[in-house]
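Asks: According to TrEMBL, the record shows the following:
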- 128-146: domain 'U2A'/phosphoprotein 32 family A C-terminal' (DOMAIN)
- 176-189: compositional bias 'Basic and acidic residues' (COMPBIAS)
- 176-270: region 'Disordered' (REGION)
- 199-217: compositional bias 'Basic and acidic residues' (COMPBIAS)
- 245-268: compositional bias 'Basic and acidic residues' (COMPBIAS)
- 348-358: compositional bias 'Polar residues' (COMPBIAS)
- 348-405: region 'Disordered' (REGION)
- 392-405: compositional bias 'Basic and acidic residues' (COMPBIAS)
- 417-455: region 'Disordered' (REGION)
- 445-455: compositional bias 'Acidic residues' (COMPBIAS)
Amino acid sequence: MVYITEDLVRKRAEHNEGQIFSLEEVSLHQQDIERMEHIDRWCRDLRILYLQSNLIPRIENVGRLKKLQYLNLALNNIEVIENLEGCENLQKLDLTVNFVGRLSSVESLQHNVHLTELFLTGNPCSQFEGYRQYVVAALPRLQWLDGTEISRSERLRASQRLEEVRRRVWEQEEEHLRRRAREKEEERRKKGGCWPAPEENREENQEEKEENRKAEENPAPNDPEEEERLEKEFWHTPCAFTPESRLETHRHLEEKKKAKERQTEKKPASLPRTLITADGRVLNTNEPKLDFCFSEDEEHNSIVLTLEVYRHMDTSLMDVDVQPTYARVKVKGKIFQVVLPAEVKPDSSTARRSQTTGHLVLSMPRASGEIKVAKSVPRRTPRSSISPGRRSRTEPQRLEAEPSRHTHIDLANIVRRHSAQEGPLEAPRMDPPTAGGHSGFSEGFVDDPDVPPLV
């Protein structure tokens, strides 16, 4: 059984900084609560109270909530509307899908003069003949019933037939109470014992507690086929929709949950991962499955390890440990360990987060005495010192123009234009043939025997 405790209320009062004395709204839904208590003493200023989807069988301990305006008790085990006379400012009451069979108990809401909205959908009383007319006539200030507005004409017709409708409602109510008595008697026979009195509901039978404790300590051997058969039989056996059947279903689910937790506890715990072997050899491991890379900082003679942790992860969830030969980072309890390519100085190492990517950057200076291999840079020999014969045949030859010349090409003066005043173009004058049989264009012409003659 789950009780309403101060810790539970404070946990639900986070929007009010955990203060419950000035709390005006609290939600205690789906907590398997079986009794309403303490709320009227701890939260006197409460205006809205959510208690839907619990196992509450009775409305109680709310009479001191003078400022309460909305009470939600949907999906519980309530059978009678009672103990709400002290809620002077109550405006809305939700009792959807409960077990209210005493429709005449709605007359207790006549003291709540501000009540304007009521929900009774899904209750046995909503199936009574004349249900709506009776509720409308019994509560003259009500404006909405089950989400439907009450018109003035409907209220007048219900008031005129109130006595007749009330007599039919009482007859159906007595039939419902006889049926509920038979259901309770059948439930007692099914359990083979006496049904506890209402005041004894809170404390379980001592013998039953002892049997439950022994069953938990020495559970029966698990037979998958038998368990499957019992589970199928439980869910396929037809039963009436009563508060007892709802409690039985809830307890069955709780037993299944506890059995599953016991099986989980019995499983052997996984062995811790080996990070360093018995002979002192460090192993690489990457439990968080993060990408990483190494780089060299030649200027500071250090090794840089970049670990791509999640960008928006809080730095407090990471723990860094740098040793001379390896680095270890714990990310949300998962270990990343890698062997370093060289020995480093742990006391001079630094760890930073990238401002753009959020990656973790470890800068680890090399230890003193660590030999660093310098990269050989080829020296460039001046072009003038290389003899033409030693130049590589594959090296391209480039021509350099004089700085005084124009660096651009004048395309307009490639071909010289001829004007009419200059007269007709003359063919180039040819010198008379020489003794060798060749004609020259100028006096400085030298005959080269390696060049073939022109025809």
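In case you wondered, yes, glycine gets a Cβ from its N, Cα and C as well.
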Asks: Cβ under 8 Å, sequence separation of at least 6 from the ends of the compositional bias 'Polar residues' (348-358): give me the contacting residues as numbers and ranges.
Replies: 308-313, 315, 320, 322, 364-365
Asks: Should anything in the same chain at least six residues away from the domain 'U2A'/phosphoprotein 32 family A C-terminal' (128-146) have a Cβ under 8 Å from its Cβ atoms, list it; otherwise answer none.
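Replies: Here the qualifying positions are 103, 106-107, 109-110, 113-121, 154-155, 157-159, 161-162, 164-166, 168-169, 172-173.
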Asks: Run through the domain 'U2A'/phosphoprotein 32 family A C-terminal' (128-146) and tell me, per DSSP, how many residues are helix, strand and coil.
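Replies: Counts, helix then strand then coil: 8 helix, 2 strand, 9 coil.
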